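Per TrEMBL, the features are as follows:
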BINDING   Met184, Leu185, His209, Phe210, Arg266, Gly288, Gln297  ATP binding site
DOMAIN    60-166  domain 'THUMP'
Amino acid sequence: MSQKQILIHYGELSTKGKNRKMFQNKMADQIRHKTKDIEKVKVLPHHDFMHVKWDHASYETIIDVLKDVPGIARFEPTYRVEKTMEAIYAKGIELFEAQTFEENASFKVVAKRSDRTFELDSMMIQREVGHVIGERFPELHVEMKKATYKLTVSIQRDAAYLSLISVQGMGGLPYGSSGKGMLMLSGGFDSPIAGYQMIKRGLEIEAVHFSSPPYTSPQALEKAKKLTAVLSRYGTPIKFHNVPFAKIQEEIKEHIHEDFSMTVMRRIMLRIMDQLLVKNKAMAIVNGESLGQVASQTLQSMSVINEVTTTPILRPLIAVDKNEIIAIAEKIGTYDISNEPYEDCCTVFAPKKPKTKPKLHTIQEMEAALNIEDLVADAVMNTEIMTIDEFYLKEQLAEFDSLL
Ligand code: ATP
Ligand code: MG
């Protein structure tokens, strides 16, 4: 019998009818994957909640995993004790002792007796435990409606279970429950946050990075890989596609007037994305565009760029301000990586005066100078793939140290 357990409350999936089982299984699989190196963890999905049970690891270790699992609204660490009132009092006091009380804090005890053979009924348990806690912590008063602390005592067949605090989860939907998309991931601030937002909304992600060596540095590519590693913390290991883009950019530089090069470049990126989507059985493109942020993100630019595809393009940051994006980057740990100075392919080839209102027919005429079909096929064929997990960052650091 496992000694330690956490009770997980689902977020929105409780409204999802017959897909509910699939949602729960996705979440359970992700938790199993993330705890596979921890001894004897059991993940047990039930209709209205999920249990994680284990024996040895600390509560903090498991809490650390659960707070980054999409689809969890909140969760409660639950403590198992012997089925005697003395053991219940002792654990209750211990749980309250770990808290720092605000002024005027209040509490209540909620008891549930599934085991009818237990000597006291739930009302009596509530009263007795409430009395002991009230005596031990005179600074707390009892409050039924809006108590600051709710101590739950559940008497079950095998033991008594107590819980006091409820930890807020990440929210959203279980990873992969909304299907799969491919994230256009630069080394900038925006695209990793776009990926995070979609992961949170249940989308499985593969990352696609366009790199242009020798014009772009190995460090720029490394940046994108490190960002992928951070994102994989919120999902499972992520497939990373590195698309060779230098030849295409040389061709654009040679044949397309500089002012229009950015629009053409982005249209080619989308054509490549479409082929990668088919190859990898994904259904949407995700990018980090935010309305009006730069020349390629005006409505006119977006409509001309978008014209090459009918695939849904998900732009979770379209209405998000830069300072809000930065705040999320700091929270999820992508800020320092995005802040590294290495430039990616778009910055290196950026025109001085990109058109903010390109005309579709002008762009189409210009593109006739390029053999787009071959360029796209070539880039797709030479795309390199690797899988990146959250330990990638640590491994890179260790490798770096060993070279010193
Ligand atoms: P970011 O901070 O994500 O780089 P940005 O504000 O700098 O975005 P752009 O450089 O115009 O904007 O890029 C818009 C979007 O196009 C990015 O958010 C990203 O999704 C995609 N993108 C840009 N450059 C690359 C690249 N080298 N590889 C993959 N995707 C890219
Ligand atoms: Mg950028």
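The backbone N, Cα and C atoms fix where each Cβ goes, glycine too.
Note that TrEMBL annotation is computational and uncurated.
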Maximum Cα-Cα separation in Å among residues Met184, Leu185, His209, Phe210, Arg266, Gly288, Gln297, which the record lists as binding ATP: 19
For the domain 'THUMP' (60-166), residues assigned helix / strand / coil by DSSP: 35 helix, 31 strand, 41 coil
C-beta crowding around Gln297 (ATP binding site), within 10 angstroms: 20
For Gln297 (ATP binding site), the three-state class that DSSP assigns: helix
Secondary structure of Leu185 (ATP binding site) (DSSP, helix/strand/coil): coil
For Arg266 (ATP binding site): DSSP state (helix, strand, coil): helix
Proximal but sequence-remote residues of the same chain as His209 (ATP binding site) (Cβ under 8 Å, at least 6 apart): Leu185, Ser186, Leu221, Ala224, Lys225, Phe240, His241, Asn242, Val243, Asp344
Binding-site residues compared (Met184, Leu185) - highest count of Cβ atoms within 10 Å: Leu185
